[in-house]
Amino acid sequence: MFTIITGSQFGDEGKGKIVDLLSTNYQIVVRFQGGDNAGHTIIAEGKKFKLHIIPSGILSQSRLLVGPGTVMNPEIIVSEIDNLAKSNIKITPEKLGIDAKTSIIMPYHIQLDELNEIARQNKIGTTKRGIGFAYIDKVARDEIQLADIIDKHRFKQRLEKLLPQKKEAIASFGGDSDKIDGDWVNRYIQLGQTLKSYITDVSYEIHNALEDGKNVLAEGAQGTYLDVIHGTQKYVTSSSTIAGSACANLGIGPTRVTNVIGIVKAYITRVGEGPLPTELGGKIGDQIRKNGGEYGTTTGRPRRCGWLDIPMLRKAINLNGYTQLVLTKLDILTKLSPVKICTGYKLNGKTLKYPPLQTHELANVSPEYTELEGWNQDITNIKHYSELPGAARDYIQYIENVAKIPITSISLGAGREQTITKDKI
Ligand code: GDP
Ligand code: IMO
Ligand code: MG
């Protein structure tokens, strides 16, 4: 079985929690795009783990893989491995494999990301992790791969060609190009030696696992509307975040996919700039942010919050080919009455049921809402769907009816046990 999980909104839908939960049924959990711009939270046995690049299957028996379509900061992955060791979670080469072709995020990528953000008149609000510049180098064929940093001579040879070019780019932004002459090169060579034993051929491993009848779970980072092709350009990340990207980035043909799970938060959030049609200012927005702990896992920035947006969900289902949805953070809507759902938009006098093609049009829509009755009962300890208040079930049913695919699980709290099943996954 090959399952792909992606976020259906702007990221932070609760992918980490759901991947952790499902990973017990999968022999492999693999990241296929993005880098440490991602922040995936797992809570188990009272302990909180925030993962940026290691896949969210750390607590299960599954093997974890980082695919070649990701961009990896070696300092971050090594510190994640070290921090997990402090919690007695041993991330050995038997547990974790990293593809030799994984792009390495270099210090100059981070410097350029910061400088570019400062220079932009209309900010994107990136995580400043160097993600965009690492992907630029991939398509420009100037990337450094993991295999390069473990070979000292090859690495130094590559840098001889690249560093003058990077110095020029940094200087053109008015940045300090002398920073590049720091001693980070030796540190990277050291990190390469630490990571050497983790190198693997991710595509081959997954193929072999599928041939042997094993289960593989591909864990998306970010969300559908941050997709570099289909998202809200230019307010997007620099990788393709939709389900099809898992196939291309892992080298697994689309014929191998068994199911595609979309994670939908019961409301919507966005961190960084760009349109968010249902954004709530004022008291309700503040209440959702506070109760939902809606602050960036990676940057700590407050997330912008809004009502659930059905036109965006419709498009996300199309873009990803979802076979089922998991609804998260339903508990955060408790005591909000009425609960609103955006069912369409008004744009230039017309009613739309689907997001307009262009980002500037999406920024100009006026959302139209349906109001549903709320519920006041604490739902965080409910164990069966039938025990949910009628209004909460109506909310779920409403989404299912418009989505036309099943909501198989509902998350009622950050803990593993705070998840109820509607239908079998
Ligand atoms: P991801 O990037 O999609 O993995 O999501 P994040 O980890 O960045 O953000 C989701 C946050 O919500 C984390 O702090 C989770 O622990 C928490 N969370 C996940 N599901 C639920 C839920 O159903 N209810 C509540 N209250 N919190 C949840
Ligand atoms: P997870 O995996 C939410 C956003 C940034 C910014 C834009 C571009 O935790 O859901 P980048 O640094 O990628 O060039 O920034 O994308 N962004 C995320 N927002 N969750 C994420 O990841 C994100 N990763 C990037 O805030 O708006
Ligand atoms: Mg996150």
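Just so it is clear, glycine is given a Cβ too, placed from its N, Cα and C backbone atoms.
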Legend entry - Among T232, T237, T323 - the residue TrEMBL places in the same IMP site as D12, E13, G14, K15, N37, A38, G39, H40, T127, R141, Q222, R301: T237
Inset, instruction - Pop the Cα-Cα gap between T41 (GTP binding site) and T127 (IMP binding site) into the table, whole Å please. - result: 17
Legend entry - Spatial separation of D12 (active site, proton acceptor) from G39 (Mg(2+) binding site) - C-alpha basis, Å: 8
Legend entry - Cβ under 6 Å from ligand 1: qualifying binding-site residues of G14, N37, T41, T299, G300: G14, T41
Inset, instruction - Could you tell me which of these binding-site residues, N37, T297, has the greatest number of Cβ atoms within 10 Å of its own Cβ? - result: N37
Inset, instruction - Give the sequence-ordered set of same-chain residues, not counting T297, T298, T299, G300, R301, P302, R303, with Cβ within 8 Å of the centre of the Cβ atoms defining the substrate site. - result: G39, V271, Y295, G296
Legend entry - Residues D12, E13, G14, K15, N37, A38, G39, H40, T127, R141, Q222, T237, R301 [recorded IMP binders]: greatest CA to CA distance in Å: 34
